[in-house]
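Chemist: These came from TrEMBL, pasted as-is:
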- 9-328: domain 'Adenosine deaminase' (DOMAIN)
- His14, His16, His194, Asp275: Zn(2+) binding site (BINDING)
- Glu197: active site, proton donor (ACT_SITE)
- His218: site 'Important for catalytic activity' (SITE)
- Asp276: substrate binding site (BINDING)
Amino acid sequence: MRDFLKALPKAELHLHIEGTLEPELMMALAERNGVRLPYASVEEVRAAYDFSDLQSFLDLYFQGMSVLRTAQDFEDLAMDYFRRAADEGVVHVELHVDPQAHLARGVELATVMEGLGRARRRAERELDLSTAMILAFLRDRPAEEALDLLERAAPYWETLDAVGLDSAEVGNPPAKFAEAFRRASALGLARVAHAGEEGPPDYIREALDVLDVCRVDHGVRCLEDPTLVARLRDEAMVLTVCPLSNLRLRVVERLEDHPLPAMLEAGLNLTLNSDDPAYFGGGMLDNFLACRRAFGWSREVFLGLASNAIEAAFMSEARRAELRERLAACR
Ligand code: HPA
Ligand SMILES: [Zn+2]
């Protein structure tokens with residue numbers, strides 16, 4: 001089964017590029033840039049990753065990214081991840097990026113976008129890995145700041161596929177960002193949003209109705225609302241579920257208790273993703289393997305999930321056709 005899951009062409013639709021920063025690279029970049037971290041070793045960094053909820057993770061996530069200063073740092077960060085992902089059979093990665101977190105500490109948007117852009121072009125060339133980019137708004141920051149970021153990103157609109165919404169969910173409902181998402185829509189950008197990770201089912205409904213999203217990131221709390229589940233199923237709305245993330249952020253206490261099997265049973269359009277692999281104990285393959293262990297799913301189930309991701313990805317139709325063929329060869 002491991003060989004099968006590794007060979008499966010996996011498209012990753014929910015990944016925060018800053019969440020791929022492994023402790024080894026964090027320490028190396030801290031040294032390179034003279035940034036002081038409250039850790040003496042890679043082991044101490046890893047030991048700190050004991051989260052009680054989303055906020056306790058976000059605190060370390062924002063602290064960790066303080067080592068990223070130059071375009072070269074962002075290129076190294078992304079290339080490091082792209083190589084690991086390609087090694088485990090990932091063929092397409094859609095990266096969320098959090099520019100507000102970098103702007104707030106004096107790192108220019110151009111630094112972030114140029115470094116990531118270089119890595120994306122190299123991934124295509126060197127690893128046969130296609131990528132897409134999602135400009136994420138930090139939902140615990142003011143709505144005007146999101147609009148301002150979107151305008152500042154004008155030189156990079158061509159390189160963006162979508163806007164997204166992440167960071168602390170509860171108390172920051174999707175409707176707060178109605179205007180920024182309307183502007184993104186007018187620019188021809190797709191929309192996605194985190195909703196129903198820690199927040200209530202109503203936030204999922206709001207993401208659909210107010211932000212007009214084409215995918216919901218996480219969405220696991222939809223099961224609390226049968227009417228919403230029926231709607232998500234009827235609209236074949238894609239949910240980007242992140243099992244190891246939900247486990248490490250204590251959305252569930254054990255993977256065996258995860259709502260994934262019930263969501264599958266309900267006929268929802270599901271995909272599996274890693275979210276922040278450096279912080280949550282594994283990448284795409286680890287997430288697939290963890291689901292195999294917890295739920296005993298058959299090859300057929302994993303083929304279906306991998307297919308859902310290819311169909312929902314922001315990629316050219318030529319690339320999609322190629323990946324469909326590669327998936328069919330796994331049957
Ligand atoms: O899992 C997440 N949820 C919300 N915001 C985030 N930003 C990085 N990872 C996450
Ligand atoms: Zn996420």
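Just so you know, glycine gets a Cβ as well, placed from its N, Cα and C.
Caution: TrEMBL annotation is automatic and unverified by curators.
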Chemist: Just to verify a number: CA distance, His14 (Zn(2+) binding site) to His218 (site 'Important for catalytic activity'), in angstrom, no decimals.
Modeler: 9
Chemist: As a check: which entries in His14, His16, His218, the recorded positions, place their Cβ less than 6 Å from an atom of ligand 1?
Modeler: His16
Chemist: Could you state the whole-number distance in Å separating the C-alpha atoms of Asp276 (substrate binding site) and His218 (site 'Important for catalytic activity')?
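Modeler: Checking the Cα atoms of Asp276 (substrate binding site) and His218 (site 'Important for catalytic activity') gives a distance of 13 Å.
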Chemist: Near the Cβ of His218 (site 'Important for catalytic activity'), how many other Cβ atoms are there if near means within 10 Å?
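Modeler: Other Cβ atoms found within 10 Å: 27.
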Chemist: Look up the residue listed as 'substrate binding site' in the DSSP assignment and reduce it to helix, strand or coil.
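Modeler: DSSP call for the residue listed as 'substrate binding site': coil, neither helix nor strand.
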Chemist: Quick one: pull the CA-CA distance for Asp275 (Zn(2+) binding site) versus His218 (site 'Important for catalytic activity'), whole Å only.
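Modeler: His218 (site 'Important for catalytic activity') has its Cα 9 Å from the Cα of Asp275 (Zn(2+) binding site).
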Chemist: Restricting to the same chain and to sequence separations of six or more, state which residues have a Cβ under 8 Å from that of His16 (Zn(2+) binding site).
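Modeler: Set apart from His16 (Zn(2+) binding site) by at least 6 residues yet with Cβ under 8 Å, we have Tyr61, Leu95, His96, Val97, Asp98, Ala136, Asp166, Asp275, Asp276.
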Chemist: Relative to ligand 2, which of the recorded positions Glu197, His218, Asp275, Asp276 have a Cβ found under 6 Å from one of its atoms?
Modeler: Asp275
Chemist: When you tally the Cβ atoms that lie within 10 Å of each candidate's Cβ, which of the recorded positions (Glu197, Asp275, Asp276) has the highest tally?
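Modeler: Output for this query is Asp275.
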Chemist: Which are the residues of the chain, His14, His16, His194, Asp275 excluded, whose CB is within 8 A of where the CB atoms of the Zn(2+) site average out, their centroid?
Modeler: Leu15, Gly19, His96, Asp166, Asp217, His218, Thr240, Cys242, Ser245, Asn273, Asp276
Chemist: Quick check: in three-state DSSP terms, what is His194 (Zn(2+) binding site)?
Modeler: strand
Chemist: Where His194 (Zn(2+) binding site) and His218 (site 'Important for catalytic activity') are concerned, what is their Cα separation in Å, rounded?
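Modeler: Each residue's Cα considered, His194 (Zn(2+) binding site) and His218 (site 'Important for catalytic activity') end up 6 Å apart.
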Chemist: Cα-Cα separation of Glu197 (active site, proton donor) and His218 (site 'Important for catalytic activity'), in Å?
Modeler: 5
